[in-house]
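Comments concern the structure below.
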């Protein structure tokens, strides 16, 4: 029908009125890692979660590790959205997350001992989320051992069964929350078949299916009150009364299964698209997209790392920054800030603002370098290479800044920062082309300087 006024005029009551196009519902804010993880996303999420009605996880599993400090107490989260600390927010574990039930309850109990209260009343779990079983975790370990034997190198997974679970999902043999809460006899049969399939691939795998099933039945009953149809739940949240909705990304851009430094990546999409597919929400409802980056770069496990400093600087960053993985306890590899990877992460995610964390770690350095371009055979390359052999060969072009050589940890606003630190921040901002909204200078909530 042509859009002329005569057909849409109120005098023609049978004519349906055009629905206003601007009624898109609530917008969600997404927080994403812009490097290789461990950027301090938990801190940014925590800052925003205090004003959020809904805090959601959309991908990954308990391979994530977020530490949040509240009133001197350190809480560690792996599977629970870190917004669970806020007694006023509801937390959602979306369909894109893979859930290890023993891990979920164990994590909740550990945090309860530290003072977390009423979490069961505030947690919603999508019935479409896939389940991580103990044998997935065993298989994860076996696969790493096999990689070591055949290729002489491992991926460096957290051995939490995440990869094998996403493999089951993609092979259409996985089991979901809705299966566990359905007919248990049916579930038991499927579970036994799944175990048999894995045992045919891994002869050393032993599974006590009866004990596992008994436990799973108990976990299922504990979980039941928290389970909802995730798509419908999110739709209602988006289209009901105004709500502040936050999506907490796990892992990071360079660990993304599609865009990361494959194969040294995680097994899900930890870029912005994962928020849509992992919760069942349309792109139209994505509002702010915040990228989180350290003021330097770290990486856990193996894989290319162009700005890595295998020297005194790298060691200084590692010790001053306490760079040890929350989930694995592994020492992190450290190097200078790499703007090539930040620009690349921005191309994929379309950051509306950035949080730059751990600036205070650079306080003692005489000079600070920033990677601005990659060269191969002395020629700048315009993109981030997909091929790992190529990435290992790149030579980094650096911009060098004089260090500010003063303590920034007490800074609470922009003007408290030394001029040289301000110059460093402005350079980063201009180079990526995204405004820096927060600068982190310490562990606690108060140490995030908000710029606008």
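Note: Cβ is positioned from N, Cα and C throughout, glycine not excepted.
Annotation comment: TrEMBL describes 38 as active site, proton acceptor. Summarising the environment of residue 38 (active site, proton acceptor), the number of other Cβ atoms within 10 Å of its Cβ, over all protein chains shown, is 27.
Around the Cβ of residue 66 (active site, proton donor), 22 further Cβ atoms fall within 10 Å across all displayed protein chains. Annotation comment: TrEMBL describes 66 as active site, proton donor.
If you take the C-beta of residue 169 (active site) and look for same-chain residues 6 or more apart in sequence within under 8 angstroms, you find 98, 130. According to TrEMBL, the active site annotation covers 169.
Under the heading GTP binding site, TrEMBL lists 37-43, 65-67, 332, 358-360, 440-443. Using a 10 Å radius centred on the Cβ of residue 67 (GTP binding site) and all shown protein chains, the other Cβ atoms total 16.
Per TrEMBL, IMP binding site is recorded for 38, 39, 40, 41, 63, 64, 65, 66, 158, 172, 251, 266, 330.
Residues or ranges marked as Mg(2+) binding site by TrEMBL: 38, 65.
When Cβ atoms from all protein chains are considered, those within 10 Å of residue 331 (substrate binding site) total 14, not counting its own. Taken from TrEMBL, the feature substrate binding site covers 38, 326, 327, 328, 329, 330, 331, 332.
The annotation compositional bias 'Low complexity' is assigned in TrEMBL to 1-14.
For 1-24, the entry in TrEMBL reads region 'Disordered'.
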Return the residues near residue 359 (GTP binding site), defined as same-chain residues 6+ apart in sequence whose C-beta is under 8 angstroms from its C-beta, sorted by sequence, else 'none'. 295, 408, 417, 421, 425, 439, 440, 441
Looking only at C-alpha atoms, tell me how far residue 43 (GTP binding site) is from residue 158 (IMP binding site), rounded to the nearest Å. 22
Roughly how many Å separate the Cα of residue 38 (active site, proton acceptor) from that of residue 66 (active site, proton donor), to the nearest whole number? 8
Taking Cα-Cα distance, which of the binding-site residues 40, 158, 329, 332 are within 10 Å of residue 66 (active site, proton donor)? 40
Out of 158, 251, 330, give those binding-site residues positioned within 10 angstroms of residue 37 (GTP binding site), comparing C-alpha atoms, in sequence order. 251
